[in-house]
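Engineer: Supplied in structure tokens, the structure appears directly below.
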Amino acid sequence: MSVPSSLSQSAINANSHGGPALSLPLPLHAAHNQLLNAKLQATAVGPKDLRSAMGEGGGPEPGPANAKWLKEGQNQLRRAATAHRDQNRNVTLTLAEEASQEPEMAPLGPKGLIHLYSELELSAHNAANRGLRGPGLIISTQEQGPDEGEEKAAGEAEEEEEDDDDEEEEEDLSSPPGLPEPLESVEAPPRPQALTDGPREHSKSASLLFGMRNSAASDEDSSWATLSQGSPSYGSPEDTDSFWNPNAFETDSDLPAGWMRVQDTSGTYYWHIPTGTTQWEPPGRASPSQGSSPQEESQLTWTGFAHGEGFEDGEFWKDEPSDEAPMELGLKEPEEGTLTFPAQSLSPEPLPQEEEKLPPRNTNPGIKCFAVRSLGWVEMTEEELAPGRSSVAVNNCIRQLSYHKNNLHDPMSGGWGEGKDLLLQLEDETLKLVEPQSQALLHAQPIISIRVWGVGRDSGRERDFAYVARDKLTQMLKCHVFRCEAPAKNIATSLHEICSKIMAERRNARCLVNGLSLDHSKLVDVPFQVEFPAPKNELVQKFQVYYLGNVPVAKPVGVDVINGALESVLSSSSREQWTPSHVSVAPATLTILHQQTEAVLGECRVRFLSFLAVGRDVHTFAFIMAAGPASFCCHMFWCEPNAASLSEAVQAACMLRYQKCLDARSQASTSCLPAPPAESVARRVGWTVRRGVQSLWGSLKPKRLGAHTP
């Protein structure tokens, strides 16, 4: 016969007060955690004790039997006493305590089987009536004969004794020590208390908080299914003890990113979602608990707040006040790493001292100053500055100088200012280069004379600035390259603003001069709200040539006229007498400029060009212009390597101008002609009517159209 193990203290008290005072050899109280263990639900009375109670021969002595019963009862008392302190509902008993309690056991008298069964039946009924927290298990409420009880006890005695001994050994080795308490004070706790009893220990880690429910899942689930088959009114441990309720997770704005506050029966703790680590203290405070496992420390080092080697618990977060400081450093790294050379001040002294030594930098608000380092200059040709090629040529110069200047502090021989720290100032329509220490003016370049400027387009060249201008002494086109402390687009934007201002001032001055010569009485008031369209810049092509001069010719057209003029000039002059110049071809104007002085040698309107051709020599080119009534002039050029590009450009300009004239003439003919008088309209209508009548009658009279036209 198996003995029930789910009887509580209330059942035993009711049994002791409701009947005669009995001295029970077996304490029948069982803790709630024994109901969740599959191995303990079939705990049986030792076969030797049953044989002695039934009076069978060959049984053991009364003393050892009573000691066995008392030992089992005290073990159950210890398990019940420590149930509210064990988080995983494990039986808490050690071998040392078991050995220490054995000498204190007092021998009790043997009991008969019938008397023992009556006590068990009465206790089971009382436990069911009082509605215990765990479902009471009644073995049988029917009467059973002595023979049936003897057969069942004899068949199960040996197996139950072996299971009981193995179970006690496993529980003693795996459970923490617990102290027994009096029987009257043992009660099933209303809710399992995992981490709230007593002060919190720092040795609790994430495995304790997150692994409670999975530590004994198989045994717990199977045992509960067996115990609750007959009592559906009670809930399961999952229902009565919910660690994860909907309100358990809280997010707070005070917590750093990635942290969450969790509240459950164990208390309030903080969970770092990316790494999976937990801690009792808020993450924004001094340091984590001392119980952080080595695995948790290795996960914390992944965030990059410290080096990869090991740290002590007290030293790991010592130098890090918060999680925001490393983020600020991470934002600064891409900005400092954009340059290929080390980030350093462009002057030997720190920048604050340099600013103190340079008071004029910020005194005049009209001066824009930029700290730069000269990389030198590269000579350029006029062909490289042609439209569509200038940006590529300037970028090649930047690439050529910046890639070969690995050490910027080593000055190179060649041009002025090479490898030096300079101040680039934009003042009064002038670009100035000033020595930082002595404020000495090294170079001044009028902004209006700068041909091209640009910023490096390659990756890492955003701080390289270059401009192209003609040298005053050598008349050579030079591309000066600088490396700026700030992004070079600031200089380019400032230059663009200054050029726009200069062009606006010149436009206003030209309008003022023209306005003085106009009759103000004929001017029409224009409202100020009207927005005039911005003028479009025409495409200008420049070609470097030798200007042979111009001669008057008799006819405006003819290849023989051009060939005769070219032969006469080539035979009468030498190459040294030819003037180096360049021709600017625009859709409206052809301009001939001196290559060195940029003086205008000739300017011709495309609308007055009458004929153009290439001479017998492919290097020669000439065109004829109308200089006045019955006066024509032939301009001649020597081109390298041939005159094909120049002739095509002039021809394209002529065709474009001719097309514009046609467009303007067609619009004027449709919209600008005055309306015909009424008399002319009447004559035209009458003529149309007469013509219709004549066509009907088949008249073949000739029509005089000129007489009837207005």
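Glycine is treated like the rest: Cβ placed from N, Cα and C.
Copying in the features that Swiss-Prot gives for the protein in this structure:
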{"type": "COMPBIAS", "residues": "1-15", "note": "compositional bias 'Polar residues'"}
{"type": "COMPBIAS", "residues": "145-173", "note": "compositional bias 'Acidic residues'"}
{"type": "COMPBIAS", "residues": "223-234", "note": "compositional bias 'Polar residues'"}
{"type": "DOMAIN", "residues": "253-285", "note": "domain 'WW'"}
{"type": "MOD_RES", "residues": "Lys204", "note": "N6-acetyllysine"}
{"type": "MOD_RES", "residues": "Ser459", "note": "phosphoserine"}
{"type": "MOD_RES", "residues": "Ser517", "note": "phosphoserine"}
{"type": "MOD_RES", "residues": "Tyr547", "note": "phosphotyrosine"}
{"type": "MOD_RES", "residues": "Ser610", "note": "phosphoserine"}
{"type": "MOD_RES", "residues": "Lys701", "note": "N6-acetyllysine"}
{"type": "REGION", "residues": "1-24", "note": "region 'Disordered'"}
{"type": "REGION", "residues": "131-254", "note": "region 'Disordered'"}
{"type": "REGION", "residues": "276-299", "note": "region 'Disordered'"}
{"type": "REGION", "residues": "340-365", "note": "region 'Disordered'"}
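Map these features onto the structure and tell me what's around them.
Structural biologist: On its own chain, Ser459 (phosphoserine) has no residue at least 6 apart in sequence with a Cβ closer than 8 Å to its own Cβ.
Reduced to three states, the DSSP call for Tyr547 (phosphotyrosine) is strand.
The local packing around Ser610 (phosphoserine), expressed as other Cβ atoms within 10 Å of its Cβ over all shown chains, amounts to 15.
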Engineer: Please report the DSSP secondary structure of Ser610 (phosphoserine), reduced to three states.
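Structural biologist: Ser610 (phosphoserine) sits in a strand per DSSP.
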Engineer: Report, in whole Å, the straight Cα-to-Cα distance of Ser610 (phosphoserine) from Tyr547 (phosphotyrosine).
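Structural biologist: That separation, Cα to Cα, works out to 19 Å.
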Engineer: Could you put numbers on the helix, strand and coil content of the domain 'WW' (253-285), residue by residue per DSSP?
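Structural biologist: Going by DSSP assignments, the domain 'WW' (253-285) contains 0 helix, 15 strand, 18 coil.
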